[in-house]
């Protein structure tokens, strides 16, 4: 495992250099990552100097190391400048996603960065749909009085927060944006800040001084996503969508078009299956690409989700899903699959798997699944 991790994280020093080039010196002396046992419930946890990481990030090709970039970015947004209250959580995570994607762009190029941003955009659309009966929870500035702060730890803070900053960047220009953020981190270093103080600093140090008008308060205090949101495109994802469309029409797929796909492209392909995809079509894809036995945890998770939702049972997939849920404790992965069982009205199957899996989970994950399954 040590050799695998060393290889997987070999670009970490480059990430630190890229981060410092963007927003100033790394003020924590040392940056290390420890990969924890499979029961670790989070993707990563940004403890100063020592990030905790899930073993699901070890894919063998560095394709999931945006997680490391994310936790590194927290060394500025979150640890250096900390949200004053849980209501201001977006100041932590929205800024960190923006910073993460800028680091990934610096190392791997704009299209890779845009693929990550578009996956986040899809996550946000799913979250907005899930919260359509609770529109106030889709505001960046929350009111969590009397509630569990965990209620605000969702795609709104992460991905709507990112879109706010991405849209702001397009309005003011990247050079102005970078200078502003660098000064923001320096001014507020080793202290806390809240949303209102951020807005004041934004107006005084970026918008007013450049005579720029921006709908900041709509983004922060209103539900949903404003109409002026940045439009993010990816040629790679457009080609993925065309390939999927052709397959759904013909039930045939040109494997040469997929030979150089990144895991992000595969994730986009699988996540965009239509509701009426057939079991036969899924079997064709599985037989062709061996998706049930993918060694990339993210691809595995989205493929298993689609398998559950569409009642696909071939190639021993049910056994593989049970094995996955018994050996992976990352809450995002686990809850995604148990939620799929609930949506597919296969709750008894889920409970049967959970009988043996629960003991392998951290209490954070187990408590969430307990609530989902009514246990």
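Yeah, the Cβs are placed from backbone N, Cα and C, and that goes for glycine too.
Here TrEMBL flags 71 as active site, proton acceptor. Non-local neighbourhood of residue 71 (active site, proton acceptor): 33, 44, 45, 46, 51, 53, each in the same chain, at least six residues away, with C-beta under 8 Å from its C-beta. Under DSSP, residue 71 (active site, proton acceptor) is assigned to a helix (H, G or I) in the three-state scheme.
TrEMBL lists 158 with the feature active site, proton donor. The DSSP secondary structure for residue 158 (active site, proton donor) is helix. There are 24 other CB atoms within 10 A of the CB of residue 158 (active site, proton donor), with all protein chains counted.
Every protein chain shown contributes to the tally, and the Cβ of residue 93 (Zn(2+) binding site) ends up with 27 other Cβ atoms within 10 Å. In the three-state DSSP classification, residue 93 (Zn(2+) binding site) falls within a helix. TrEMBL lists 70, 74, 93 with the feature Zn(2+) binding site.
Per TrEMBL, the feature domain 'Peptidase M1 leukotriene A4 hydrolase/aminopeptidase C-terminal' maps to 234-373.
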Neighbours of 70, 74, 93 excl. site residues, C-beta within 8 Å of centre, Zn(2+): 44, 46, 71, 73, 77, 78, 92, 95, 96, 97, 99, 100, 158
Under 8 Å by Cβ from residue 70 (Zn(2+) binding site), same chain, sequence gap 6 or more: 43, 44, 96, 97, 100
Distance from residue 158 (active site, proton donor) back to residue 74 (Zn(2+) binding site), taken between C-alpha atoms, in Å: 12
Rounded Cα separation (Å) that holds between residue 93 (Zn(2+) binding site) and residue 158 (active site, proton donor): 5
